[in-house]
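Here is what Swiss-Prot records for this protein:
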BINDING   D250, H252, H284  divalent metal cation binding site
BINDING   D250, V251, H252, H276, S277, D298, I299, G300, T374, T375, N376, E377, F381, R384  4-CDP-2-C-methyl-D-erythritol 2-phosphate binding site
REGION    1-243  region '2-C-methyl-D-erythritol 4-phosphate cytidylyltransferase'
REGION    244-404  region '2-C-methyl-D-erythritol 2,4-cyclodiphosphate synthase'
SITE      R21  site 'Transition state stabilizer'
SITE      K30  site 'Transition state stabilizer'
SITE      R164  site 'Positions MEP for the nucleophilic attack'
SITE      K221  site 'Positions MEP for the nucleophilic attack'
SITE      H276  site 'Transition state stabilizer'
SITE      T375  site 'Transition state stabilizer'
Amino acid sequence: MQAEEQFSCGVIVVAAGRGERAGQSSEGPKQYRTVGDRPVITHTLDVFATWDGTGPVVVVIHPEDEELFASARKRMGHMLDLTVVHGGATRQLSVLAGLQAIAGAGVKHVMIHDAVRPFFDHALLDRCRAALRNGAGAVLPAVAVADTLKRAQAGGLVAETVPRTDLHAAQTPQCFRLEAILSAHRQAAASGQADFTDDASIAEWAGIPVHLVEGSPDNFKLTLRRDLSMADEKLTRMAIPDVRTGNGYDVHQLVEGDGVTLCGVFIPHDRKLSGHSDADVALHALTDALLATCGAGDIGDHFPPSDPRWKGAPSHIFLEHAARIVRERGGTITHADISLIAEAPKVGPHRQQMRESLSAMLAIAIDRCSVKATTNEKLGFVGRNEGIAAIATATVVYASGGDA
């Protein structure tokens, strides 16, 4: 069996529909309508363009849409080699045209996807690929039906309630062994079977077991005009990054000792910082800054000084805890900045080691970690060498629409 990194799938993107239910538009069928500043089909193709399992790609379009597709292709965010073929009078015939075009491309598996489902992701593609690797001949992503279903009768009356147990809503991409689904499509065409609504139905008809994998609630099909409006709103929201900045401040008293710990780095000195933990004033300030980006309180809420467990504790525990909370809430730490205010010891000789320490604790690149130091010009308690203060700023990007 192929190794996962070598297991690629041919892709057929079905884009030959007319989309009457979405209403007429000067932009053409719904796959060419603009959502999030680009045609729908470009969002769909970009997902495949950035997935590591994408093999040969065939796009099936309507014969009248060549100019529309050529224009849309120029708007793609990523390069993608693809073949364009013309579809038939029905979706079923369009898919058959795509299968026949990809049959000589040297792939054993194929994914068939609706162009008007732009909100699938790599995780869904990975689940489909894993099922194919495990030997499935047909794979269907689907979501369990959550709504109560009613069967209607004449006059707009309810005839019965349909039990929803074991019912699933089918999605795409639907994935198959290429040889098997091509044969099934050819058999269906030869026998005059032309009323299948998806490719999994053809596989079922041909006796191919269809394996379910978890779909995605976001992977909805753009069918009606309101779907296009929802898609535009969703893509617009996704395009605006949720960037948050948190600030933190801390100060600790200097007492007789043999050194101070700043940013997790011990610096020999004739004094030390007094505190319940190791009194790393820099990490305490940065911990508060991270917690502030998601409204998670402050360091005292999570590690109260009255708790003996934290007596003498290394402060990297506090910072890593805050970073974990940020990530659990969908945040990506993009920058950390610390300003130390002290008369002594000199921070400059240790600055690079401090940045390396922060980089390791936060699991971010060192160029995203900044440490600066200044004196207080002999003014105040810092100027009298009675303590060290720290001001920290954390920048975090949260997943748009996520809870924080």
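Cβ coordinates come from backbone N, Cα and C, glycine included.
Locations of recorded Swiss-Prot features on the structure.
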residue	record	contacts (Cβ under 8 Å, 6+ apart)
R164	site 'Positions MEP for the nucleophilic attack'	V145, A146, D147, T148, L149
K221	site 'Positions MEP for the nucleophilic attack'	D114, V116, R117, Q171, D227
S277	4-CDP-2-C-methyl-D-erythritol 2-phosphate binding site	F303, W310, K311, G312, A313, P314, S315, F318
H284	divalent metal cation binding site	G248, D250, H252, I299, S315, F318, A390
T374	4-CDP-2-C-methyl-D-erythritol 2-phosphate binding site	S339, L340, I341
T375	site 'Transition state stabilizer'	I341, A342, E343, V382, G383
N376	4-CDP-2-C-methyl-D-erythritol 2-phosphate binding site	I341, A342, E343, V382, G383
F381	4-CDP-2-C-methyl-D-erythritol 2-phosphate binding site	G387
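Counting every protein chain shown, 29 other Cβ atoms lie within 10 Å of the Cβ of K30 (site 'Transition state stabilizer'). Spacing of K30 (site 'Transition state stabilizer') relative to H276 (site 'Transition state stabilizer') is 63 Å (Cα to Cα, whole number). Mapped onto three states, the DSSP output places H252 (divalent metal cation binding site) in strand. Across the region '2-C-methyl-D-erythritol 4-phosphate cytidylyltransferase' (1-243), the model assigns an average pLDDT of 90. Listed recorded positions: H252, H276; maximum Cβ neighbour count within 10 Å falls on H252.
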